[in-house]
Amino acid sequence: MSKKLHIKTWGCQMNEYDSSKMADLLDEYEGYTLTDNAEEADVLLLNTCSIREKAQEKVFHQLGRWKTLKDKKPGLIIGVGGCVASQEGKAIKERAQCVDLIFGPQTLHRLPEMIDQIKDGKKAVIDVSFPEVEKFDRLPEPRAEGPSAFVSIMEGCSKYCSFCVVPYTRGEEVSRPLDDVILEIAQLAEQGVREVNLLGQNVNAYRGATHDDEICTFAELLRYVAAIDGIDRLRFTTSHPIEFTQDIIDVYEDTPELVSFLHLPVQSGSDLILTQMKRGHMAIEYKSIIRRLRKARPDILISSDFIIGFPGESKQDFADTMKLIEDIQFDHSFSFIYSARPGTPAADLPDNVSLDEKKERLAILQDRITQQAMRYSRQMVGTVQRILVEGPSVKNPMELRGRTENSRVVNFEGLHEHIGKFVDVEIVDVYTNSLRGVFIRGEDEMDLRRDLRPSDITAKYKQADDLGVTLFTPA
(Lines of atoms letter the chains of each structure in order from A and count residues from 1; the text may use other names and numbers.)
(Lines give C-alpha, C1' and ligand atoms only; values in the text may rest on other atoms or scores of the structure.)
Protein backbone atom coordinates (compact mmCIF):
# COMPACT_ATOMS: atom_id res chain seq x y z
CA MET A 1 0.00 0.00 0.00
CA SER A 2 1.41 3.40 -1.00
CA LYS A 3 2.38 5.94 1.63
CA LYS A 4 0.19 9.04 1.88
CA LEU A 5 1.28 12.68 2.10
CA HIS A 6 -0.88 15.62 3.15
CA ILE A 7 0.36 19.20 2.67
CA LYS A 8 -1.44 22.29 3.97
CA THR A 9 -0.17 25.50 2.38
CA TRP A 10 -0.64 29.07 3.54
CA GLY A 11 0.65 32.25 1.97
CA CYS A 12 2.13 33.44 -1.29
CA GLN A 13 2.48 31.80 -4.67
CA MET A 14 6.09 30.96 -3.82
CA ASN A 15 4.77 28.76 -1.01
CA GLU A 16 2.41 27.05 -3.44
CA TYR A 17 5.39 26.40 -5.72
CA ASP A 18 7.46 25.05 -2.82
CA SER A 19 4.63 22.74 -1.75
CA SER A 20 4.36 21.29 -5.25
CA LYS A 21 8.09 20.60 -5.17
CA MET A 22 7.78 18.89 -1.78
CA ALA A 23 5.13 16.60 -3.22
CA ASP A 24 7.26 15.76 -6.27
CA LEU A 25 10.32 15.19 -4.08
CA LEU A 26 8.60 12.77 -1.71
CA ASP A 27 6.87 10.97 -4.55
CA GLU A 28 10.25 10.33 -6.17
CA TYR A 29 11.88 9.50 -2.83
CA GLU A 30 9.54 6.80 -1.60
CA GLY A 31 6.35 6.89 -3.61
CA TYR A 32 4.35 9.21 -1.35
CA THR A 33 1.05 10.11 -2.97
CA LEU A 34 -0.88 13.26 -2.11
CA THR A 35 -4.13 13.05 -0.19
CA ASP A 36 -6.61 15.74 0.79
CA ASN A 37 -7.53 13.74 3.89
CA ALA A 38 -5.11 14.38 6.76
CA GLU A 39 -6.49 11.41 8.69
CA GLU A 40 -5.17 8.88 6.16
CA ALA A 41 -1.72 10.49 5.76
CA ASP A 42 1.60 9.02 6.92
CA VAL A 43 3.32 12.42 6.67
CA LEU A 44 1.71 15.79 7.41
CA LEU A 45 3.49 18.94 6.23
CA LEU A 46 2.45 22.49 7.08
CA ASN A 47 3.95 25.12 4.75
CA THR A 48 3.57 28.38 6.66
CA CYS A 49 3.45 32.11 6.00
CA SER A 50 4.48 34.84 8.45
CA ILE A 51 3.14 37.87 6.58
CA ARG A 52 -0.24 38.14 8.26
CA GLU A 53 -1.06 38.94 11.88
CA LYS A 54 -1.08 36.09 14.39
CA ALA A 55 0.67 33.78 11.91
CA GLN A 56 2.35 31.86 14.73
CA GLU A 57 -0.90 31.27 16.61
CA LYS A 58 -2.52 29.99 13.43
CA VAL A 59 0.30 27.45 13.11
CA PHE A 60 -0.07 26.17 16.67
CA HIS A 61 -3.83 25.87 16.34
CA GLN A 62 -3.32 23.66 13.28
CA LEU A 63 -0.65 21.62 15.06
CA GLY A 64 -3.06 21.08 17.94
CA ARG A 65 -5.53 19.48 15.54
CA TRP A 66 -2.80 17.31 14.04
CA LYS A 67 -1.61 16.23 17.51
CA THR A 68 -4.97 14.50 17.94
CA LEU A 69 -4.24 12.49 14.79
CA LYS A 70 -0.77 11.58 16.04
CA ASP A 71 -2.16 10.39 19.36
CA LYS A 72 -4.21 7.86 17.40
CA LYS A 73 -1.37 7.05 14.97
CA PRO A 74 2.02 7.25 16.78
CA GLY A 75 4.05 6.62 13.60
CA LEU A 76 2.65 9.74 11.95
CA ILE A 77 5.38 12.24 10.97
CA ILE A 78 4.56 15.95 11.29
CA GLY A 79 6.68 18.67 9.67
CA VAL A 80 6.52 22.46 9.69
CA GLY A 81 8.12 24.43 6.86
CA GLY A 82 7.94 27.88 5.35
CA CYS A 83 8.55 31.30 6.82
CA VAL A 84 7.17 30.73 10.34
CA ALA A 85 9.44 27.70 10.62
CA SER A 86 12.39 29.80 9.51
CA GLN A 87 11.47 32.55 11.97
CA GLU A 88 10.64 30.41 15.01
CA GLY A 89 12.95 27.41 14.55
CA LYS A 90 13.26 25.20 17.62
CA ALA A 91 10.66 27.28 19.50
CA ILE A 92 8.04 25.39 17.49
CA LYS A 93 9.25 22.07 18.89
CA GLU A 94 9.38 23.46 22.42
CA ARG A 95 5.73 24.47 22.20
CA ALA A 96 4.43 21.60 20.04
CA GLN A 97 6.10 18.33 20.98
CA CYS A 98 4.21 16.49 18.25
CA VAL A 99 6.38 18.12 15.56
CA ASP A 100 9.15 15.94 14.10
CA LEU A 101 10.56 18.15 11.33
CA ILE A 102 11.19 21.89 11.14
CA PHE A 103 12.63 23.17 7.86
CA GLY A 104 12.95 26.51 6.11
CA PRO A 105 12.12 27.49 2.52
CA GLN A 106 15.73 26.88 1.49
CA THR A 107 16.01 23.39 3.00
CA LEU A 108 12.87 21.65 1.79
CA HIS A 109 15.02 19.59 -0.59
CA ARG A 110 16.45 17.80 2.47
CA LEU A 111 13.06 16.38 3.45
CA PRO A 112 13.90 12.77 2.46
CA GLU A 113 16.99 12.74 4.70
CA MET A 114 15.03 14.37 7.53
CA ILE A 115 12.27 11.77 7.30
CA ASP A 116 14.87 8.98 7.28
CA GLN A 117 16.40 10.38 10.48
CA ILE A 118 13.02 10.38 12.20
CA LYS A 119 12.36 6.80 11.08
CA ASP A 120 15.80 5.85 12.47
CA GLY A 121 14.74 7.08 15.90
CA LYS A 122 15.80 10.72 16.05
CA LYS A 123 13.31 12.74 18.08
CA ALA A 124 13.41 15.91 16.00
CA VAL A 125 15.21 17.35 12.98
CA ILE A 126 15.54 21.12 12.63
CA ASP A 127 17.18 22.77 9.60
CA VAL A 128 16.33 26.39 8.85
CA SER A 129 19.64 27.34 7.23
CA PHE A 130 20.08 29.34 4.00
CA PRO A 131 22.16 27.22 1.58
CA GLU A 132 21.43 29.60 -1.33
CA VAL A 133 20.15 27.78 -4.45
CA GLU A 134 21.18 24.28 -3.41
CA LYS A 135 17.55 23.24 -3.16
CA PHE A 136 17.00 23.70 -6.90
CA ASP A 137 19.90 21.35 -7.66
CA ARG A 138 18.31 18.63 -5.56
CA LEU A 139 14.71 18.79 -6.73
CA PRO A 140 13.23 16.32 -9.25
CA GLU A 141 12.41 17.30 -12.81
CA PRO A 142 9.30 19.50 -13.09
CA ARG A 143 5.90 17.97 -13.76
CA ALA A 144 3.23 19.92 -15.58
CA GLU A 145 -0.24 20.12 -14.09
CA GLY A 146 -2.21 21.88 -16.78
CA PRO A 147 -1.26 24.46 -19.40
CA SER A 148 0.09 27.01 -16.89
CA ALA A 149 3.10 26.64 -14.62
CA PHE A 150 5.03 28.60 -12.02
CA VAL A 151 8.83 28.62 -12.11
CA SER A 152 10.93 30.08 -9.31
CA ILE A 153 13.88 32.02 -10.72
CA MET A 154 15.22 33.53 -7.50
CA GLU A 155 14.80 33.45 -3.74
CA GLY A 156 14.84 36.03 -0.98
CA CYS A 157 14.93 39.82 -0.90
CA SER A 158 17.64 42.35 -0.07
CA LYS A 159 15.45 45.46 0.13
CA TYR A 160 14.67 45.28 3.88
CA CYS A 161 11.43 47.26 3.82
CA SER A 162 10.72 48.22 7.42
CA PHE A 163 7.49 46.16 7.65
CA CYS A 164 8.63 42.97 5.91
CA VAL A 165 9.96 39.68 7.29
CA VAL A 166 11.01 38.15 3.96
CA PRO A 167 14.75 38.99 4.19
CA TYR A 168 14.81 37.34 7.61
CA THR A 169 12.79 34.24 6.70
CA ARG A 170 13.89 33.57 3.12
CA GLY A 171 17.30 35.24 3.12
CA GLU A 172 18.79 37.78 0.75
CA GLU A 173 18.39 37.72 -3.02
CA VAL A 174 19.90 34.69 -4.75
CA SER A 175 19.28 34.03 -8.45
CA ARG A 176 19.19 30.65 -10.14
CA PRO A 177 21.62 30.15 -13.04
CA LEU A 178 20.13 31.00 -16.43
CA ASP A 179 20.61 27.51 -17.87
CA ASP A 180 18.71 25.93 -14.95
CA VAL A 181 15.73 28.23 -15.44
CA ILE A 182 15.63 27.71 -19.20
CA LEU A 183 15.92 23.93 -18.83
CA GLU A 184 13.03 23.76 -16.36
CA ILE A 185 10.79 25.84 -18.60
CA ALA A 186 11.76 23.85 -21.70
CA GLN A 187 10.90 20.62 -19.86
CA LEU A 188 7.52 22.06 -18.91
CA ALA A 189 6.91 23.19 -22.49
CA GLU A 190 7.57 19.63 -23.69
CA GLN A 191 4.80 18.51 -21.32
CA GLY A 192 2.29 20.92 -22.84
CA VAL A 193 2.73 24.04 -20.71
CA ARG A 194 1.87 27.16 -22.71
CA GLU A 195 2.02 29.85 -20.03
CA VAL A 196 4.82 30.42 -17.52
CA ASN A 197 4.75 32.68 -14.46
CA LEU A 198 8.26 33.54 -13.23
CA LEU A 199 8.38 33.73 -9.43
CA GLY A 200 10.52 35.60 -6.94
CA GLN A 201 10.09 37.78 -3.87
CA ASN A 202 11.73 40.51 -5.95
CA VAL A 203 11.66 38.87 -9.34
CA ASN A 204 12.97 41.78 -11.41
CA ALA A 205 16.17 41.83 -9.35
CA TYR A 206 17.13 38.59 -11.11
CA ARG A 207 20.82 38.38 -11.98
CA GLY A 208 21.51 34.81 -13.04
CA ALA A 209 24.90 33.39 -13.95
CA THR A 210 25.32 32.18 -17.53
CA HIS A 211 27.38 29.22 -18.76
CA ASP A 212 30.24 31.59 -19.68
CA ASP A 213 30.31 33.31 -16.28
CA GLU A 214 28.45 36.41 -17.40
CA ILE A 215 25.31 37.76 -15.76
CA CYS A 216 21.87 37.53 -17.32
CA THR A 217 19.56 40.41 -16.43
CA PHE A 218 15.84 40.01 -15.89
CA ALA A 219 15.08 41.72 -19.21
CA GLU A 220 17.35 39.26 -21.02
CA LEU A 221 15.71 36.34 -19.22
CA LEU A 222 12.27 37.49 -20.36
CA ARG A 223 13.45 37.47 -23.97
CA TYR A 224 15.01 34.02 -23.63
CA VAL A 225 11.87 32.53 -22.08
CA ALA A 226 9.61 34.16 -24.66
CA ALA A 227 11.65 32.46 -27.40
CA ILE A 228 11.16 28.92 -26.02
CA ASP A 229 9.07 26.91 -28.46
CA GLY A 230 5.61 26.29 -27.04
CA ILE A 231 5.64 29.12 -24.49
CA ASP A 232 3.19 31.67 -25.83
CA ARG A 233 2.31 33.57 -22.68
CA LEU A 234 4.65 34.93 -20.04
CA ARG A 235 3.98 36.48 -16.62
CA PHE A 236 6.07 37.33 -13.58
CA THR A 237 5.51 38.21 -9.95
CA THR A 238 6.36 39.98 -7.68
CA SER A 239 8.27 43.09 -8.74
CA HIS A 240 9.79 46.02 -6.88
CA PRO A 241 9.57 49.52 -8.38
CA ILE A 242 13.22 50.41 -7.75
CA GLU A 243 14.31 47.43 -9.88
CA PHE A 244 11.86 48.16 -12.70
CA THR A 245 14.45 49.44 -15.16
CA GLN A 246 14.02 50.75 -18.69
CA ASP A 247 15.33 47.57 -20.31
CA ILE A 248 12.43 45.66 -18.73
CA ILE A 249 9.97 48.23 -20.05
CA ASP A 250 11.52 47.85 -23.51
CA VAL A 251 10.58 44.15 -23.51
CA TYR A 252 6.91 45.17 -23.42
CA GLU A 253 7.36 46.97 -26.74
CA ASP A 254 8.36 44.00 -28.85
CA THR A 255 7.59 40.77 -26.96
CA PRO A 256 3.94 39.82 -27.45
CA GLU A 257 4.33 36.73 -25.24
CA LEU A 258 4.68 39.06 -22.22
CA VAL A 259 1.14 39.74 -21.02
CA SER A 260 -0.47 43.18 -20.82
CA PHE A 261 -0.86 42.89 -17.09
CA LEU A 262 1.59 43.74 -14.31
CA HIS A 263 1.52 43.38 -10.55
CA LEU A 264 3.78 46.13 -9.20
CA PRO A 265 3.33 46.76 -5.46
CA VAL A 266 3.49 50.36 -4.28
CA GLN A 267 2.07 49.88 -0.71
CA SER A 268 1.18 53.57 -0.24
CA GLY A 269 0.71 56.78 -2.19
CA SER A 270 2.17 58.95 0.56
CA ASP A 271 5.83 59.93 0.26
CA LEU A 272 6.05 60.21 4.04
CA ILE A 273 4.76 56.67 4.56
CA LEU A 274 6.89 55.31 1.70
CA THR A 275 9.93 56.78 3.47
CA GLN A 276 8.87 55.22 6.77
CA MET A 277 8.44 51.91 4.97
CA LYS A 278 11.96 52.24 3.49
CA ARG A 279 10.62 51.50 0.02
CA GLY A 280 13.38 53.46 -1.71
CA HIS A 281 11.14 55.47 -4.04
CA MET A 282 8.52 58.22 -4.04
CA ALA A 283 5.01 58.17 -5.49
CA ILE A 284 6.04 60.27 -8.49
CA GLU A 285 8.74 57.73 -9.38
CA TYR A 286 6.16 54.96 -9.34
CA LYS A 287 3.91 57.03 -11.59
CA SER A 288 6.83 57.59 -13.96
CA ILE A 289 7.32 53.82 -14.33
CA ILE A 290 3.63 53.33 -15.13
CA ARG A 291 3.66 56.21 -17.62
CA ARG A 292 6.60 54.67 -19.51
CA LEU A 293 5.00 51.23 -19.37
CA ARG A 294 1.78 52.54 -20.90
CA LYS A 295 3.77 54.25 -23.62
CA ALA A 296 5.37 50.90 -24.47
CA ARG A 297 2.15 48.87 -24.01
CA PRO A 298 -0.93 51.18 -24.08
CA ASP A 299 -3.41 48.47 -23.05
CA ILE A 300 -1.49 47.24 -19.99
CA LEU A 301 -3.43 46.93 -16.72
CA ILE A 302 -1.77 47.37 -13.34
CA SER A 303 -2.40 45.77 -9.95
CA SER A 304 -0.71 46.54 -6.65
CA ASP A 305 -0.36 45.80 -2.95
CA PHE A 306 -1.48 48.33 -0.34
CA ILE A 307 -0.87 48.42 3.40
CA ILE A 308 -3.53 50.42 5.22
CA GLY A 309 -2.98 52.04 8.62
CA PHE A 310 0.81 51.91 8.69
CA PRO A 311 2.11 53.61 11.88
CA GLY A 312 1.71 57.35 11.54
CA GLU A 313 -0.61 57.21 8.52
CA SER A 314 -2.65 60.42 8.70
CA LYS A 315 -5.85 61.28 6.87
CA GLN A 316 -3.71 63.19 4.36
CA ASP A 317 -1.44 60.19 3.84
CA PHE A 318 -4.46 58.04 3.08
CA ALA A 319 -5.82 60.75 0.77
CA ASP A 320 -2.48 60.64 -1.09
CA THR A 321 -2.92 56.89 -1.54
CA MET A 322 -6.43 57.36 -2.91
CA LYS A 323 -5.11 60.05 -5.26
CA LEU A 324 -2.50 57.63 -6.58
CA ILE A 325 -5.21 55.00 -7.09
CA GLU A 326 -7.23 57.51 -9.09
CA ASP A 327 -4.21 58.57 -11.15
CA ILE A 328 -3.04 55.04 -11.97
CA GLN A 329 -6.52 53.48 -12.24
CA PHE A 330 -5.46 50.13 -10.80
CA ASP A 331 -7.29 47.07 -12.02
CA HIS A 332 -6.79 44.97 -8.90
CA SER A 333 -5.15 45.07 -5.48
CA PHE A 334 -4.09 42.94 -2.56
CA SER A 335 -4.80 45.30 0.32
CA PHE A 336 -4.41 44.63 4.02
CA ILE A 337 -4.59 46.35 7.37
CA TYR A 338 -1.10 46.81 8.78
CA SER A 339 -0.03 44.35 11.44
CA ALA A 340 3.39 44.53 13.05
CA ARG A 341 5.71 41.63 12.28
CA PRO A 342 8.04 40.72 15.15
CA GLY A 343 11.67 41.52 14.44
CA THR A 344 11.03 44.16 11.79
CA PRO A 345 11.96 47.86 12.29
CA ALA A 346 8.35 48.97 11.83
CA ALA A 347 7.30 46.83 14.79
CA ASP A 348 8.95 49.41 17.07
CA LEU A 349 6.93 52.31 15.64
CA PRO A 350 3.89 53.55 17.61
CA ASP A 351 0.76 52.11 16.00
CA ASN A 352 -1.38 55.22 16.42
CA VAL A 353 -4.14 54.51 13.89
CA SER A 354 -7.24 53.00 15.46
CA LEU A 355 -8.55 49.67 14.21
CA ASP A 356 -11.89 51.24 13.28
CA GLU A 357 -10.10 53.87 11.20
CA LYS A 358 -8.01 51.19 9.48
CA LYS A 359 -11.11 49.16 8.63
CA GLU A 360 -12.90 52.20 7.24
CA ARG A 361 -9.95 53.18 5.06
CA LEU A 362 -9.54 49.63 3.80
CA ALA A 363 -13.21 49.45 2.81
CA ILE A 364 -12.95 52.77 0.94
CA LEU A 365 -9.84 51.66 -0.93
CA GLN A 366 -11.19 48.24 -1.86
CA ASP A 367 -14.50 49.69 -3.02
CA ARG A 368 -12.70 52.17 -5.30
CA ILE A 369 -10.50 49.54 -6.91
CA THR A 370 -13.46 47.16 -7.32
CA GLN A 371 -15.28 49.90 -9.22
CA GLN A 372 -12.26 50.47 -11.44
CA ALA A 373 -11.90 46.74 -12.13
CA MET A 374 -15.56 46.45 -13.08
CA ARG A 375 -15.18 49.40 -15.45
CA TYR A 376 -12.27 47.65 -17.19
CA SER A 377 -14.35 44.47 -17.44
CA ARG A 378 -17.27 46.32 -19.03
CA GLN A 379 -14.91 47.88 -21.55
CA MET A 380 -14.01 44.37 -22.70
CA VAL A 381 -17.58 43.61 -23.81
CA GLY A 382 -17.64 43.38 -27.60
CA THR A 383 -13.88 42.82 -27.85
CA VAL A 384 -12.17 39.62 -28.96
CA GLN A 385 -9.86 38.23 -26.28
CA ARG A 386 -7.28 35.47 -26.56
CA ILE A 387 -7.63 33.09 -23.64
CA LEU A 388 -5.74 30.02 -22.50
CA VAL A 389 -8.28 27.25 -21.86
CA GLU A 390 -7.59 25.75 -18.43
CA GLY A 391 -10.35 23.15 -18.21
CA PRO A 392 -14.08 22.73 -17.58
CA SER A 393 -16.01 25.62 -16.09
CA VAL A 394 -16.28 25.43 -12.30
CA LYS A 395 -20.03 26.09 -12.24
CA ASN A 396 -20.96 24.26 -15.42
CA PRO A 397 -18.71 21.32 -16.37
CA MET A 398 -20.38 21.21 -19.80
CA GLU A 399 -18.64 24.52 -20.59
CA LEU A 400 -14.99 25.54 -20.67
CA ARG A 401 -13.01 28.00 -18.59
CA GLY A 402 -10.10 30.13 -19.79
CA ARG A 403 -8.13 33.14 -18.65
CA THR A 404 -7.38 36.41 -20.41
CA GLU A 405 -4.04 38.21 -20.38
CA ASN A 406 -5.37 40.43 -17.59
CA SER A 407 -6.25 37.36 -15.49
CA ARG A 408 -10.01 37.43 -15.94
CA VAL A 409 -11.83 34.10 -16.03
CA VAL A 410 -13.98 33.59 -19.14
CA ASN A 411 -16.61 30.85 -19.37
CA PHE A 412 -17.76 29.76 -22.83
CA GLU A 413 -19.18 26.85 -24.81
CA GLY A 414 -16.46 24.91 -26.60
CA LEU A 415 -14.98 21.54 -27.41
CA HIS A 416 -12.93 19.48 -24.96
CA GLU A 417 -10.07 19.46 -27.49
CA HIS A 418 -9.49 23.16 -26.78
CA ILE A 419 -8.30 22.48 -23.21
CA GLY A 420 -4.64 23.40 -22.89
CA LYS A 421 -4.74 25.57 -25.99
CA PHE A 422 -5.44 29.17 -26.89
CA VAL A 423 -8.74 30.27 -28.36
CA ASP A 424 -10.20 33.62 -29.31
CA VAL A 425 -13.56 34.51 -27.78
CA GLU A 426 -15.81 37.54 -28.01
CA ILE A 427 -16.75 38.91 -24.59
CA VAL A 428 -20.53 39.24 -24.40
CA ASP A 429 -21.31 39.70 -20.69
CA VAL A 430 -19.72 40.70 -17.38
CA TYR A 431 -20.23 39.18 -13.95
CA THR A 432 -18.69 39.98 -10.58
CA ASN A 433 -15.90 37.41 -10.80
CA SER A 434 -15.93 36.30 -14.43
CA LEU A 435 -16.78 37.12 -18.03
CA ARG A 436 -18.97 35.39 -20.58
CA GLY A 437 -17.51 34.64 -24.00
CA VAL A 438 -18.49 33.21 -27.38
CA PHE A 439 -15.99 31.05 -29.26
CA ILE A 440 -14.53 32.73 -32.37
CA ARG A 441 -11.52 30.69 -33.50
CA GLY A 442 -9.19 27.95 -32.37
CA GLU A 443 -5.43 27.75 -32.23
CA ASP A 444 -5.07 26.22 -35.69
CA GLU A 445 -6.29 29.54 -37.14
CA MET A 446 -3.76 31.63 -35.22
CA ASP A 447 -0.18 32.68 -35.91
CA LEU A 448 1.40 32.27 -32.48
CA ARG A 449 5.10 31.78 -33.15
CA ARG A 450 7.84 33.95 -34.57
CA ASP A 451 10.61 32.20 -36.49
CA LEU A 452 13.42 33.47 -34.25
CA ARG A 453 16.03 31.85 -32.06
CA PRO A 454 16.71 33.24 -28.55
CA SER A 455 20.09 34.53 -29.73
CA ASP A 456 18.41 36.42 -32.58
CA ILE A 457 16.18 38.23 -30.12
CA THR A 458 18.83 39.21 -27.57
CA ALA A 459 21.42 40.13 -30.21
CA LYS A 460 19.11 42.86 -31.45
CA TYR A 461 19.45 44.72 -28.16
CA LYS A 462 22.79 43.61 -26.76
CA GLN A 463 26.12 45.20 -27.54
CA ALA A 464 29.42 45.60 -25.73
CA ASP A 465 31.57 48.72 -25.51
CA ASP A 466 35.35 48.78 -25.94
CA LEU A 467 35.82 47.65 -22.34
CA GLY A 468 33.56 44.64 -22.80
CA VAL A 469 30.75 46.15 -20.73
CA THR A 470 27.36 44.96 -21.92
CA LEU A 471 24.93 47.72 -22.89
CA PHE A 472 21.29 47.74 -23.87
CA THR A 473 19.77 50.23 -26.26
CA PRO A 474 16.05 50.87 -26.75
CA ALA A 475 14.41 49.48 -29.87
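Including glycine, each Cβ sits where the backbone N, Cα and C put it.
In Swiss-Prot this protein carries:
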| type | residues | note |
| --- | --- | --- |
| BINDING | Cys12, Cys49, Cys83 | [4Fe-4S] cluster 1 binding site |
| BINDING | Cys157, Cys161, Cys164 | [4Fe-4S] cluster 2 binding site |
| DOMAIN | 3-120 | domain 'MTTase N-terminal' |
| DOMAIN | 143-375 | domain 'Radical SAM core' |
| DOMAIN | 378-441 | domain 'TRAM' |
Item to complete: Would you mind checking how many other C-beta atoms are within 10 angstroms of the C-beta on Cys164 ([4Fe-4S] cluster 2 binding site)?
Response: 22
Item to complete: List only the single closest residue to Cys49 ([4Fe-4S] cluster 1 binding site), chosen from the binding-site residues Cys157, Cys161, Cys164 by CA-CA distance.
Response: Cys164
Discussion item. Treating G and I as helix alongside H, and B as strand alongside E, what does DSSP give for the domain 'MTTase N-terminal' (3-120) in helix, strand and coil?
Written reply: 64 helix, 22 strand, 32 coil
Practice prompt. Sort the residues of the domain 'TRAM' (378-441) into helix, strand and coil with DSSP and give the three counts.
Written response: 5 helix, 33 strand, 26 coil
Worksheet item: For Cys83 ([4Fe-4S] cluster 1 binding site), which residues of its chain lie six or more apart in sequence with Cβ-Cβ distance below 8 Å?
Response: Gly11, Asn15, Thr48, Cys49, Ser50, Ile51, Ala55, Pro105, Val165, Val166, Thr169, Arg170
Worksheet, complete the sentence: Whole-number Å distance separating the Cα atoms of Cys161 ([4Fe-4S] cluster 2 binding site) and Cys12 ([4Fe-4S] cluster 1 binding site) is 17
Fill in: 8 Å Cβ shell about Cys157, Cys161, Cys164 centroid, [4Fe-4S] cluster 2 site members excluded
Lys159, Tyr160, Phe163, Val165, Val166, Pro167, Gln201, Asn202
Practice prompt. Let me know how many other Cβ atoms fall within 10 Å of the Cβ of Cys157 ([4Fe-4S] cluster 2 binding site).
Written response: 23
Response to the item:
Integer Å value for the Cα distance linking Cys12 ([4Fe-4S] cluster 1 binding site) with Cys157 ([4Fe-4S] cluster 2 binding site) is 14
Worksheet entry | Check: same-chain CB within 8 A of [4Fe-4S] cluster 1 site center, minus Cys12, Cys49, Cys83 | Trp10, Gly11, Met14, Asn15, Thr48, Ser50, Ile51, Gly82, Thr169
Worksheet item: For the domain 'Radical SAM core' (143-375), what is the mean per-residue pLDDT, to the nearest integer?
Response: 96
